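Presented below is the structure to which this report refers.
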Ligand code: GDD
Ligand code: MN
């Protein structure tokens, strides 16, 4: 599947190299998803009749989503068990095509990435020092933001990869893949979480003809894309955590009532105990329901951290309130509301980012 935007001059060389790379007898077809304003579709049709491979062009009259949108549309149109996505400008060597798929079949990986950054790979085709820097930097940022899903991935910005049909269907099933610009691979990995990923090293070549379509604007779009991927679902989860917190009042009050009425315990001591029961209630709902699939620490560590956070919340609120009243001159009511919100937000971030992933 090859996305194209004004690549007419690359088509003859590209198609003949692809045709030469595919082993005879291999079931195989090329699908172009084209948003061009030049004669790329005609160039493709002209070349296709000369070659022994099946070639189709899907020209989009209404090109939504740029490169990422084109890739997703191409994936939706294809039915084969493996889909390889590659650029049209020969920066991605077609000779790697059979290897990408063979590697997937051998290892059982659902995603095979052609990587410039794994042993034996090369990224000098990026050209200027500036692009090398930007590419290295954005790769590091992405890996830092998604340490777990990108653990085995050295080149999450690659535009050359083979992806299994099942992963794609899974991603589409969630309806979550909303491509924004160039980094469609990152989007696919984060949204569909392939069970296993492997890589094949390659030399990222220089562009054969024409010039790159990526721009500074595309770079800014990428930052927005990262932010959106990272914060995706957060508001909903924050609401859920808040609702669970509120529901904790019920067991808290019930235990307080039982302890004061049935045991004659002093109400202050009873409230300390009842409060811990409320915390436990919250923990069970958060741990077993809301963040069920996102555990990365043992159960003991999770429980202890959760209790510590809940109690830190109680302890932090009062001094913060005092600070807001005496420091900023807020009214006690406003100060309390602000302190509660801030402390809740901090606690939510800790739960969402560190306790669970
Ligand atoms: N259909 C469609 N629509 N195709 C597009 C569009 C679009 O809006 N924009 C670009 N393309 C096509 C180009 O025609 C080319 O085949 C491919 O996408 C990559 O575009 P380039 O302009 O060559 O991008 P690049 O070389 O700067 O970036 C490539 O390398 C990056 C890694 O450095 C891409 O593969 C990126 O995804 C990759 O991150
Ligand atoms: Mn390119």
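Cβ from N, Cα, C; glycine included.
TrEMBL labels come from automatic prediction, so no person has curated them.
Database features, via TrEMBL:
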DOMAIN    2-160  domain 'Glycosyltransferase 2-like'
TRANSMEM  238-260  transmembrane segment
DOMAIN    243-354  domain 'GtrA/DPMS transmembrane'
TRANSMEM  272-291  transmembrane segment
TRANSMEM  303-324  transmembrane segment
TRANSMEM  330-350  transmembrane segment
Mind tallying the domain 'GtrA/DPMS transmembrane' (243-354) by DSSP state, helix then strand then coil?
100 helix, 1 strand, 11 coil
Mean pLDDT over the domain 'Glycosyltransferase 2-like' (2-160): what is the value?
93
Lying 6 or more residues past either end of the transmembrane segment (272-291) yet within Cβ distance under 8 Å of it, the residues of that chain are 237, 240-241, 244-245, 247-253, 255-256, 259, 265, 299, 302-303, 306-307, 310-311, 314, 351, 355-356
Against which stretches of its own chain does the transmembrane segment (238-260) lie, if we need a Cβ under 8 Å and a gap of at least six residues from its ends?
267, 270-271, 273-275, 277-279, 281-282, 285-286, 290, 344-345, 348, 351-352
